[in-house]
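A short worksheet on the structure shown next.
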Amino acid sequence: MFGRSRGRPGASGGLGRLLPLLLLLLGGAAGRIHRLVLTGEKRADIHLNTFGFYANGSLEVNVSRLHLGLGSAKQDKPWVGFSLSRTRIREALSYPGKESHNCTLEQTGAESRILFLIDVKQNKVQVRKLGEQKKLQIYSGLLPEVQNGGSDPKPADDSKDQAAPSKGTEGQPEAPGKAPDAANPQKKTEGEAKQPDSSHRGEDLVLDLGNVNDSYNFSFHVVIGSEAEGLYNLNFHNCHNRAPANQMPYDITVMIREKNPDGYLSAAEIPLIKLYLVMSACFLAAATVWVYFLCQHKFSVFKIHWLMAALAYTKALSLLFHSINYYFINTEGHPIESLAVMYFVTHLLKGALLFITIALIGTGWAFIKYILSDKEKKLFVIVIPLQVLANVAYIIIESSEEGSSDYASWKQILFLVDLLCCGAILFPVVWSIRHLQEASSTDGKAATNLAKLKLFRHYYVMVVCYIYFSRVIAILLKFTVPFQWQWLYELLVEVSTLVFFILTGYKFRPASNNPYLQLPQEEEEEEEELQMNQVITEAGVHEGLSKLKKSRAAREAV
């Protein structure tokens, strides 16, 4: 069954059809320089992005096309705008697309939040600061490097204000050279004590709003101070569409560019470059040792042992391409398409091989039997398409913007399908344990079946612990540690995977002293011993009969 599934004719064709899909998806993603285009959108709240900023990090937002419905444009209240809020760990557990009955742009309280209220009647954007603000500087326009060589052109109406600071209620505009200094973090830090803090609590800043044929545009950038480090959420709100009966479609095109002093990666993603590279080397070393071990025990090797080697090498390649992908995102702001495709292909193969290998070992295929039952074959027919769907969902999530309409749906699909696959691979182990329990009480090989049962129970515990650590504990760790330590989630996942691979290889190693592989040999020895006893017994019986016949013939002759 396994040999036929590996060599089916449609496998290469399916991979060939998948590559154009990967290139198409990657064409819409730009790494950490995000560009979101929404047409005919009706959502009241859109989560645009979450990013962890270190000191002197910057956030740049350029709204180049915002077209509201006629009803929204005539409203007196500025119920359309953006919100920038510092995320707390306990709030990260809530679903980002969850909507409340109150308009976020009208809420007040002690929570730290910055509102950008779009007033289309007066052609201005009012910046309102709520809660405690520490060293958070807001400027009109984009940073000079984005204006000159950025991926998104600046609005025509902001040509006079690109480097101009926003005006505060104190009546003292910022120094003209302050915005260029924002691109230089060291100058910014040195001058913070001398410059007046434009982010004082209660100030209302004003940004110019451009209008071309009822299409509005504006831009701003935020510089994170030394005391404002944290995880920030950027959201768009259209409170006119909060009532389902009064929803009006709108169009928006927004460019978001986030950057830390060391690159474009978020604070929790910066250590991932080295982490994935080190873990790739560990999996490569483990795979090489495993292949060397297989070559030393050629007569005890089964096909599934080579499948386990292929899984380890594929995992090492996937981590290597993942590390390279993050490196280019950190330096360039976007991935290299060819390398990103290689990562997604190896990730797809790794995911399929992982669940297939775990399920095959659980059934005992190639070790104690060479034919899968109909029930086990049906399980593989279910698990393999689910794994393909889970990997396609992962690729779409990685290649899409968080604010796209289908992002949340694919994220839910990935979580549900991954949960189903984790539950499905436990069934073969449970079936094997139940079968061995029944066999140990019915046939005469209780000791042999009990030894098999013990090993399968150990393997079942290993699989459950792997799923528990890589799915449950890792996610809880992600939501409990500070924002700059959330990379420990990935560390726990990769370390638990490596430990699971090593333990599985040790339990099912092809060696003469492996209890699992001794079971068929013991059975053969028992059968050979039984046959020898039968031969000896039969030979003794025949020998007695022949002597009896000879003695009787001698007496008759006398």
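Including glycine, each Cβ sits where the backbone N, Cα and C put it.
The compositional bias 'Basic and acidic residues' annotation in TrEMBL covers 187-204.
Per TrEMBL, the feature domain 'GOST seven transmembrane' maps to 271-515.
Annotated signal peptide per TrEMBL: 1-31, in sequence order.
Taken from TrEMBL, the feature transmembrane segment applies to 275-294 (among others).
Tertiary neighbourhood of the transmembrane segment (306-329): same-chain residues 2, 31-32, 264-265, 269, 272-277, 279-281, 283-284, 286-287, 290-291, 294, 335-336, 339-340, 342-343, 346-347, 349-350, 353-354, 356-357, 360, 494, 497, 501, 504-505, 508, selected by CB-CB distance under 8 Å and a gap of 6+ residues from either end. Taken from TrEMBL, the feature transmembrane segment covers 306-329 (among others).
Marked as transmembrane segment by TrEMBL: 341-367 (among others). Long-range Cβ contacts of the transmembrane segment (341-367) within its own chain (Cβ-Cβ under 8 Å, at least 6 residues beyond either end) map to 1-2, 15, 18-19, 22-23, 26, 302-304, 307-308, 310-311, 314-315, 317-318, 321-322, 324-325, 376, 379-380, 383-384, 387-388, 390-391, 394-395, 398, 421, 424-429, 431-432, 456, 459-460, 463, 504, 508, 516-517.
Residues or ranges marked as transmembrane segment in TrEMBL: 379-397 (among others).
The transmembrane segment feature in TrEMBL is assigned to 409-431 (among others).
Positions annotated as transmembrane segment by TrEMBL: 459-481 (among others).
Look at TrEMBL and you will find 487-506 (among others) tagged as transmembrane segment.
Long-range contacts of the transmembrane segment (379-397) within the same chain, counting only residues at least 6 positions beyond its ends with a Cβ under 8 Å from a Cβ of the stretch, are 1, 5, 22, 25, 344, 347-348, 351-352, 355-356, 359, 372, 406-407, 410-411, 413-414, 417-418, 420-421, 424-425, 427-428. Highest Cβ contact count with the transmembrane segment (487-506) among the listed stretches 275-294, 409-431, 459-481 falls to 459-481 (criterion: pairs under 8 Å). Here the transmembrane segment (409-431) does not lie next to the transmembrane segment (275-294) in space: the count of CB pairs under 8 Å, restricted to residues six or more apart, is fewer than 3.
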